[in-house]
Each structure stands twice: as C-alpha cells, then as structure tokens.
Amino acid sequence: MSRSPDAKEDPVECPLCMEPLEIDDINFFPCTCGYQICRFCWHRIRTDENGLCPACRKPYPEDPAVYKPLSQEELQRIKNEKKQKQNERKQKISENRKHLASVRVVQKNLVFVVGLSQRLADPEVLKRPEYFGKFGKIHKVVINNSTSYAGSQGPSASAYVTYIRSEDALRAIQCVNNVVVDGRTLKASLGTTKYCSYFLKNMQCPKPDCMYLHELGDEAASFTKEEMQAGKHQEYEQKLLQELYKLNPNFLQLSTGSVDKNKNKVTPLQRYDTPIDKPSDSLSIGNGDNSQQISNSDTPSPPPGLSKSNPVIPISSSNHSARSPFEGAVTESQSLFSDNFRHPNPIPSGLPPFPSSPQTPSDWPTAPEPQSLFTSETIPVSSSTDWQAAFGFGSSKQPEDDLGFDPFDVTRKALADLIEKELSVQDQPSLSPTSLQNASSHTTTAKGPGSGFLHSAAPTNANSLNSTFSVLPQRFPQFQQHRAVYNSFGFPGQAARYPWMAFPRNSIMHLNHTANPTSNSNFLDLNLPPQHNTGLGGIPIAGEEEVKVSTMPLSASSHSLQQGQQPTSLHTTVA
C-alpha cells in the first residue's frame with residue numbers, strides 16, 4: 001500500500017493491520033460507532049470472520065456508515081503536500097549532513113603513498129608480489145597523477161592501496177614510510193576518505209564502484225580539516241598500531257621473514273649480477289651520496305659466490321625474475337622493503353622496540369685467503385657503510401692499467417734463480433786447490449789433430465774414468481737441473497745466468513783427462529793413446545782411438561760410463 005499523508009504530521013494507520021491508510025481510506029468509516037479501519041480489514045472481517053465490529057461488536061452493515069470518496073482536486077492537493085514534506089525531510093537530512101563534507105574518515109585498510117615516480121605510477125605494477133602485494137592481498141589500487149607540484153626530480157604521483165586486512169596495511173606503512181626511491185622520499189600513512197556527494201544529498205549513488213562513504217563512519221576515526229592539521233589522525237594511527245602490536249608483537253617480523261625466505265637470505269654483496277648502466281631496469285635507492293655513487297657507476301659487480309637463482313646476492317636469486325622498483329641501483333631482487341634500506345619509523349610511545357633478528361657473523365663475508373685475492377669474486381667489506389666495496393666497485397686508488405703478465409709467476413721464477421745462485425756459490429769452495437793440483441798431476445796437455453776439439457790422455461785404467469764421471473753429479477748438482485736444456489757438452493757463454501759453469505776451466509781435471517779449449521768449445525775430443533789396449537767399458541782397442549762425443553746429454557753419458565756400458569753415441573775410429 002502506498003503511504004498517504006494526513007493532516008497530522010504522522011500518517012494514520014489501520015489499528016488492525018498497522019498499515020498506513022490509503023488516500024481513499026481516509027474518509028472510510030464502516031461502523032456507526034466511528035471505529036475506522038481500512039477497507040481490506042473490513043472485507044476480511046465480513047467474509048472470513050464473524051462480521052462484527054472490533055470495537056462495539058455490532059454487525060457491519062452492507063454499506064459503510066460513512067464513506068466520502070475524494071475528488072481529483074483533493075487527491076492532487078494531497079499528493080503535492082506529500083511531495084513537499086518529502087523534500088523538506090531530505091533538505092533537513094542534507095542540512096544535517098552538510099558538515100560531513102569537511103569531515104575525513106580514516107580507513108584502517110587503506111594505505112596512502114606519495115612520492116612515486118611516473119615510472120611506478122601503474123596499478124598493476126604496485127599490485128605485484130615484489131611490491132605492495134608482498135604485504136597482503138590487495139583489493140584495489142588507485143593512482144592519482146594530478147599532482148599540482150613538481151620537485152627537482154619532476155612530477156610525482158600518489159597511490160591509494162586498499163588491502164583486505166587492516167593488519168597488512170599497517171605493516172606496509174611501517175616498511176615503506178621514509179624510504180628513498182628515485183631520489184624521492186616516499187611517505188606512507190593510513191588513507192582517509194570523504195563522504196559521497198550523493199550520500200550528503202540523500203540520493204542514490206549511480207556509481208557501483210564508488211570508493212567514497214555512503215554511510216556514517218566511525219566517530220573516533222572521523223576528523224575535520226583542523227583536527228587533521230593538528231595531527232589527530234596520526235595519533236589515531238599510532239593507537240591502532242599499539243593495539244595491533246599488543247595482539248601480535250611479531251606482525252612486522254612475519255613480513256620480513258617471508259621476504260628473507262623468498263630471497264634465500266641474500267646479503268648486500270649478493271645483489272648484483274648485471275651492469276647498473278641500465279636506467280630502465282634499475283633504481284637508485286640509498287641515502288645521500290650513496291645513491292649518487294650507485295647510479296653513476298658503469299662497472300657491473302659480479303655475484304660474490306652465491307648462484308644467481310635469486311644472487312644479490314642474492315640479490316640469491318630464486319626470485320630474481322621479478323625486480324622491484326623499490327630496490328637500489330641494483331637490478332636484483334632486493335626490495336625496498338628489506339631491512340637494508342628501511343628508514344626507522346617512529347614506534348608507538350610506551351612500547352618496547354620491535355624485536356629484530358640478531359646479526360650473526362656468518363652473515364658477513366670473511367677475508368679471503370691470500371692466494372684468492374686475485375681470483376675470488378668476493379670483496380671484503382670493512383664496514384656496513386662501505387658501499388663502494390660492498391657493491392664490488394673497488395677502490396679508486398687501485399691502478400686501472402693491465403700489467404700484461406702474472407706478478408706471482410715472475411716473482412716465483414726470480415726467487416728460484418736467486419736460490420740457484422746461492423747454492424752455486426756454496427759449492428765453489430768445495431773445489432780446493434789441493435784437489436785441483438792432485439788432479440792435474442794425472443793429466444797432460446797436448447794438442448790433437450784438428451781444431452775445435454779437446455784431446456785427453458787416457459786414464460791409467462778404465463775404472464778411473466767411470467769414477468771420475470760419477471763425481472760430476474755430486475760436485476755439480478746444478479748440472480742435473482739443466483740437463484734437459486743441453487744436448488751435448490756445450491758450455492754457454494753466459495756464465496752469470498748458469499752459475500754452475502762459473503768454475504775455472506781447469507776444474508775439468510776431475511775428469512782425469514786434459515781439456516784444452518779450442519776455437520770450438522762445443523765438443524770434447526777424447527783421444528786415447530795407442531799403448532792402452534783396453535778402452536771404455538773394458539772394450540779392447542787395437543790402436544789409437546779417437547772418441548768423439550757429440551749430441552749426448554751429459555747426464556746420459558756419465559750414467560752409461562758408471563754402468564760400465566759403451567754409450568751409443570761414442571764413435572770409435574781405429575787409426
């Protein structure tokens with residue numbers, strides 16, 4: 001039934017069905033006693049019940065006692081009055097809600113962020129798990145690009161991130177607030193909303209996805225502009241943080257733990273694996289000059305030992321495929337919300353500081369071994385603030401030119417030469433003059449036929465020559481060290497480089513034969529006199545023999561003589 005206004009302020013209702021009387025029922029009185037009911041109830045009593053008046057218990061007549069239908073003029077007048085009253089009622093409500101136009105209500109699940117660069121002003125980007133999506137499930141993200149001011153870094157954008165849970169919103173605020181991204185400081189707080197203009201006018205809002213309020217909000221969360229300028233809404237935010245901290249003291253640790261789990265606990269040294277000169281893939285995050293140094297460096301920093309499935313580091317990089325714009329000039333997976341870049345946000349007064357996971361010494365790289373200084377990719381960091389070393393850029397004092405050789409190899413060879421010289425100097429005094437004189441008494445000097453050969457008289461017996469050659473390795477151990485260099489009895493002219501040849505030529509007397517240097521000192525000619533009938537190794541010789549030793553290493557010749565065998569390179573000529 002439609003509502004019908006009466007002369008009174010409140011509409012007349014049927015006493016039986018408690019429904020407002022229609023316009024036609026206003027002048028309907030079925031009983032002579034004057035008890036007024038609606039025509040619906042009158043018809044029901046007469047057809048389904050006893051047909052008696054509920055007031056006087058008299059039977060209802062066939063026709064109502066009083067019934068005066070309204071004319072068209074009266075009906076139009078009543079409708080106009082009804083419409084006017086409705087307008088007055090709406091106006092009264094609008095006047096009562098007019099003050100709500102300047103009221104803002106804090107939304108517990110809404111995060112308001114300012115200072116975003118234009119590159120990050122994308123709802124789909126901010127919804128990703130490596131960005132705001134890491135703190136909880138997001139209901140909606142709205143970007144506001146109509147920022148009226150622009151700083152030195154260009155215009156910035158703001159964003160409204162609506163979470164499903166209020167706890168996730170508070171966690172995001174604590175992790176994002178006061179962080180520097182792209183040279184801009186992000187500011188995050190609980191967002192406020194206003195009342196819908198249709199709600200203020202007491203009208204139906206035509207927008208199905210309207211984000212404004214269409215009902216009265218919490219009185220404790222409602223603040224006027226003056227109260228917000230005084231910081232009342234921030235006090236309310238701190239109050240919510242205190243309540244959440246009391247219920248769950250580790251609510252911040254939950255988010256941090258999940259980040260470390262996804263990143264495999266990467267350290268700042270494991271963050272980089274690509275060159276930082278890619279402006280489209282990297283950001284500069286840092287404080288002051290650190291950010292400038294990172295952005296200006298063109299040197300890529302290798303990962304210090306952790307496989308890059310997440311890097312830096314990590315950045316380990318099981319999750320390096322997704323790069324957060326909140327990360328530093330580094331391209332790996334460490335998010336702006338990690339502890340390395342978090343700016344301390346105020347903790348609610350009266351509360352102990354948030355528990356933080358202790359830093360173990362194992363989290364920092366140890367000093368490498370000396371031999372690994374030129375091969376290890378890990379650069380030791382003296383302090384956590386030494387970002388140049390942490391990022392692997394090295395010191396600016398280090399020479400940048402290439403030496404072209406291995407310093408370790410050159411030093412090792414030079415040291416070996418020095419040791420060799422020292423040993424040769426120690427062996428020279430062992431050649432005493434007495435031994436040289438005794439040796440010379442058994443030799444004679446003679447010039448044999450042909451130039452360029454040394455002739456020697458034969459020793460008294462064959463065993464003396466063998467014993468003489470056996471002395472050579474003992475007297476001159478350096479000779480064996482260089483035996484692979486020479487293929488004959490060759491004496492190089494540079495005695496300084498080979499100190500084992502620095503002894504006098506008469507020291508060859510230990511060979512029990514006369515050694516006369518000739519113009520060609522590359523060979524020795526051993527000429528045996530004819531009176532001996534026994535040659536080297538006990539081989540009988542019929543006449544004078546000329547033994548020419550050539551193209552045989554000294555060590556091989558002496559070894560064969562010691563064994564009593566005839567060397568294969570000895571050529572015997574019978575005169």
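Heads up, residue numbers simply count up from 1 along the chain you see.
Placement of Cβ uses the backbone N, Cα and C atoms for every residue, glycine included.
Annotated features, as they stand in Swiss-Prot:
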COMPBIAS  281-299  compositional bias 'Polar residues'
COMPBIAS  307-322  compositional bias 'Polar residues'
COMPBIAS  345-358  compositional bias 'Pro residues'
COMPBIAS  425-446  compositional bias 'Polar residues'
DOMAIN    109-189  domain 'RRM'
MOD_RES   Ser71  phosphoserine
MOD_RES   Ser301  phosphoserine
MOD_RES   Ser324  phosphoserine
MOD_RES   Ser432  phosphoserine
MOD_RES   Arg475  asymmetric dimethylarginine
MOD_RES   Arg483  asymmetric dimethylarginine
MOD_RES   Arg497  asymmetric dimethylarginine
REGION    256-370  region 'Disordered'
REGION    424-459  region 'Disordered'
REGION    553-575  region 'Disordered'
ZN_FING   14-57  zinc finger
ZN_FING   190-217  zinc finger
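Secondary structure at Ser71 (phosphoserine), as computed by DSSP, is coil. DSSP assignment over the domain 'RRM' (109-189) gives 21 helix, 33 strand, 27 coil.
For Ser71 (phosphoserine), the number of other Cβ atoms no farther than 10 Å from its own Cβ, over all displayed protein chains, is 9.
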